[in-house]
Amino acid sequence: MRRILAAAVAIAALASTVACGNNGGEATSEANQARGPIKVWFSNNKEEVAWGKQFVESWNADHPNEKVTAQEIPAGKSSEEVIGAAITAGNAPCLIFNTAPAAVPQFQKQGGLVALDDFEGARQYVEERTGEKAKQYESPDGKLYQLTWKSNPVMIFYNKALLKKAGADEANLGTYEDFLATARKIVSSKAAPFAIWPAPSNEFYQPWFDFYPLFAAETGGKLLVEDGKAQFTDDAGKAVADFWSSLYKEKLASQEKYNGDAFADGKAAMTIAGPWAIASYGDKVDWGVVPVPTKTAKPAEEIFTFSDAKNIAMFSACANRATAWDVLKAATSKEQDGKLLETTGQMPMRQGLPAAYPDYFAKNKPYETFAAQADRTVEVPNVANSIEIWQAFRDAYSKSVIFGQQEPAAALDEAATKIDGLAKQ
Amino acid sequence: MTRLLGKQPVGALFVAPYVIFLAAVFAFPLGFAVYMSFHDYFFAAPGAIVDRPFVGFANYAAVLSDAAVRQSFVNIAVFLVINVPLTVALSLVLATALNKAVRARTFFRVSYYVPYITASVAVVGVWLFLFNSNGLVNAILGPLAPDPSWLVNETLAMPTVAIYVTWKQLGFFILLYLAALQNVPKELYESAAVDGAGRFGTFWAVTMPGVRPATTLVVLLATVTGANLFTEPYLLTGGGGPDGASTSPVLLMYQRGIEQGNPDVASAIGVILVVGALLVALIQRRLLERD
């Protein structure tokens, strides 16, 4: 026993030495001026990989001394985990073209990100490209640690054939009442087992595809947390929760997880997704798209939604940051944004998007709806403990709205108290 | 020197690789986890200037006052109460049956072993298909099917996970019992037959005592692997649902430590789990090894 104790003490002492060793070090400001080869990571979405490949080839052809080596983000349970681990290990690449805004506060706390404000003209570049929306991505310290890249404004997709089979009018999805009436027709007519099938699972990011888009629409673009306080306990938040609660109570939405894509497989007549999903529906579904519903009818051009944006961040492990900044600008130029749009169908976060690429939108009418919606999106709040806040919200929503174990209003109030505490830390 | 390295100093050389391996992949991380649990610790980039002060038992207090953590420990207790006895009973009975000269013995042995070596991710898909509301099990049960269905039912979710894990791991434990059964002297069975013992009597008086060391091992391994439950609630019940009814402490460690960036809190949960598992194992050992 004494030997075990001695070994434990030795291990603890060793651990403390290692931990102290990690604390040192100074910011390498010279890196901001340095040029040379860099590494970048892309998401593993095949359309994005194709875009990335052509971009890297064109960059490398013009910059033989500042070559970019690209690869997909290594496999893991989620990109955020892999990136977090890479930051800790000190082997993150210079740029990651798939940085989730919700993870930025954590990466920043880890000391893993480079503030883009350190580069001359950076703030102006971002604001000119993205406009007012760029403010949503500012960190609490007033700096920008992410370059707004592309969004996937979330909307309601519907299956035209299934709605027709149910005798439902596809234009009748604008208000909660209309949406519920349509949903009841779909299920009672057995056109599909469920009207809509958002993932009922408990991951922190699931509210982005059920509660949050409707909350953004109902409130005209409020964030979940503003000025350190939860915003969802007002009438708007409760109306959204009641709407989803009705869908689950009446079994118009499933409490069970679907292994696959319920909309593509015809198991649900509607889904809530961004334009990235279009490629996966292919010829399987004849779909239409409308904005998310609101309590009382609103014109489409006033309806907000969740952006589902993915941005580009520069990581502190990068030695040649001047090159990385130039690559960032080149990858988000008007020409490359156009190529991204053509290759992936995702919306570059550029002001006046439909006017910037008129030919593309003339040829791809369904995408025009998403481009118009892209001007009215909200992001996740850029606050400390972001993921913990979303998990606390999801736990309360899951308990009350999905599984009916508590009144939604009471659950939202409890979650707000917890979230207010987390936002203050 | 002899006192330090023993009579055969070269032996230390032979065991050194394993000792180093054990220290690197087990002892050091365990010690480091204990260290993290007493500090305001988070992972940071090399060279980043961060403050990680000593916080005493603050992380433990936070963990123990968290209703979700307490529920996860209750959940894992429910899991172990179902999984461990079921694993012992089924694997011993099936191993005894497979030990006899039954027809297609190899086929059955392979059939029981296949789920064990198949990735959970693949098998979970089949179970989702079997146990969802429109699945095969509910179709067979008809009006007796539970509502809400198995995996979204607060009372049934954890028992369903426990049964799934029992089924998946059974092949491995059957293998352990099959090996143990080879060591039960044939003469004992012959004596039992001469004494007029029936099948059950022979099983009770000869087989069970004969494989007692294996039973101790099976109980210990089932408890340790059960306490580390992660994949099944993560995949089968959509992240510990419904409403945390199937959340395990390790799933919470993953959420708090990796997703939310609080490895200090996750470490405190881990240390409590290790201590709990050791206590349970100690009690089991006392009960199983007494004559």
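Yeah, the Cβs are placed from backbone N, Cα and C, and that goes for glycine too.
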For which of the residue intervals B:41-63, B:202-224 does TrEMBL record transmembrane segment?
B:202-224
So if I exclude everything within five residues of the ends of the transmembrane segment (B:110-130), which remaining residues of that chain have a CB under 8 angstroms from its CBs? That is, six or more out.
94, 98, 136-137, 151, 164, 167-172, 174-175, 231-232, 235-236
Contact count check, CB pairs under 8 angstroms to the transmembrane segment (B:12-36), set B:73-98, B:161-181, B:202-224, B:265-283; argmax is B:265-283
